[in-house]
Amino acid sequence: MATLTAHRRFQRLAILAFVFIIITYLLLDRVPRHGQRPAPEYVRSSFDWANRRQKHAILESSMVHLPDGIIRDLPRIQHEFSKDEPNEAHNKTQRQRQEAVRNATRKSWDSYREYAWGSDELAPLTLVGKESFSGWGATLVDSLDTLWIMGLKKEFTEAVDMVAAIDWDNSTATSCSLFETSIRYLGGLLSAYDLSQEEILLQKAEELGNMLYAAFDTPNHFPANAFDFEDARDGRLVADKREASAAVGSLSLEFTRLSQITGDPKYYSVIDNIKTAFERTQDTTTLPGMWPTYIDLRNGFQVTEGTYSLGAMSDSAYEYLSKMYALLGGLDPTYEKLHVKAMETVKKHLLFRPMLPDIYPAVSPDILFSGTALSNGPTIELWPDVQHLGCFAGGMFALGGRMFHRDDHVTIGEQLARGCAWAYDAFPTGIMPEVSKMVACDTTDLAPCNWNESRWKKDEDLPKPFSGVQDAQYLLRPEAIESVFILYRITGKRDLLDTAWRMFNSITKATETKFAYSAISNVQAGGGTSKINSMESFWIAETLKYFYLIFSEPDVISLDEYVFNTEAHPLKLPKANGN
């Protein structure tokens, strides 16, 4: 009996030991190993857009797939910095500048984290959160790749944990902008995934992509930029009769990259439909080669209006053409044709050289600007208005020039980039305004001209050759430094680093608050600037990122390995051996 009791006791102990080992193993498996952290808890959005019944479904058999073929070896974009003379003093200076940008980012992020965590943006004066982009945390998502690139991994990890719980069906608004949601949220998630390989970011990107795909569930499959959530669920969306060309033309990078990563062709297919419409209409507009600022999508992509620019409502439609060629590995030559033809039209009808005063000791600056063209077909009129938004054009010309072996376009890109940098220096704050007007040379072939005082109407206390300032604000925008960054990476000209540093110091001096940075109301104010309590998500996502990258080693987010969306989110270029 004693033997039997001992045997049973041994069995019980063995079972308990086994259970203890299993429980311990399971618990230890949840404890992060050295250098690891617990996986963020994925919270699925409350509405499953992937399984929503489409009213105007595109049959799988009709979908256009990503182009097949061996990805081409694209031309080298970046300057060969390895051939430059090493200079430790130079490198030390750039590291110090880089750290100054990182500190500005930390200050901005820490205040957002403290006072507006989870909100779309921080109001930098009143220190409260603002909901301006659906309440999903625009600054949170928009900043992910910036945090990663700057090595702020603790902040990145904390942000990812927050992003993992975003519910796209829980918004502070009843609708969203397809364009803004795509470039900020979808682009931000895809870029952060490309950089970090955090699987949960891809899961959230795919959730969002499925939701935004519903914007194409319209009778003609052109997207509804005004994405009303209830109408989208019920299949009641229709494309607009007057849609900004940028809104319809700036979805391609994000949707294409989502198809590349997930293998689902539906995202790319709807984008290819838009590309076909741009191709079909490029030579039929009142300014052949370009598309008007507004397009009638509802009635079959009609392009009858007569205003053309590289500024607001148009800009990124042109920016994405050469970048799509790169993202597709050169396998769709249509994008090269669209880009080159558009740039030639811009060169002929939108670019102008400003009439500069005789105040320069030697040669006047070799600079250009992009204005607005009004065309009814027979006549074309140039308005020499300058938008800060249009300052991206220098980078666009230079990038496309490298990609398509157009050295003349690289030169134009540099002239445009230096033009916006020159405009920064022209104002008391060292920052150019949101919108201004200049006096343009009336010469042909963008040739310089002599100063003519009578042509310059001095309505305000403005620096020559500016003849008017329609909007004197600076909204923390990135476009000028974006082009300076791209031109530096392409040409390797070191004076651009000093230009960038001068711009950075001017911006931070004029916009810094006690806790963050704020947009200002008037760049003409030489003394103290008036803040307007706004710090949009692109401040961290774009402006500070470009400043950081220009002072970084050139292989950090190389232009030969990544392509930036219009919100400065770098997307990985696919290689011949896969993604």
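If you go along the chain as it appears here, the first residue is 1 and each next one adds 1.
Yeah, the Cβs are placed from backbone N, Cα and C, and that goes for glycine too.
These come from TrEMBL:
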type: TRANSMEM; residues: 12-28; note: transmembrane segment
type: COMPBIAS; residues: 81-100; note: compositional bias 'Basic and acidic residues'
type: REGION; residues: 81-103; note: region 'Disordered'
type: ACT_SITE; residues: E180; note: active site, proton donor
type: ACT_SITE; residues: D315; note: active site
type: DISULFID; residues: C391-C420; note: disulfide bond
type: ACT_SITE; residues: E434; note: active site, proton donor
type: ACT_SITE; residues: E479; note: active site
type: BINDING; residues: T566; note: Ca(2+) binding site
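Distribution of TrEMBL features across the structure.
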| residue | record | contacts (Cβ under 8 Å, 6+ apart) |
| --- | --- | --- |
| E180 | active site, proton donor | F133 |
| D315 | active site | A246, L389, G390, F392, A393, T566 |
| C391 | disulfide bond | L416, A417, C420, M432, E479, A480, E482, S483 |
| E434 | active site, proton donor | Q387, H388, Q470, D471, A472, Q473, Y474, L475, R477 |
*Going by DSSP, give the three-state secondary structure for T566 (Ca(2+) binding site).*
coil
_Cβ atoms near T566 (Ca(2+) binding site) (within 10 Å, other residues, all chains)_ = 26
_Residues in the compositional bias 'Basic and acidic residues' (81-100) grouped by DSSP into helix, strand and remaining coil_ = 16 helix, 0 strand, 4 coil
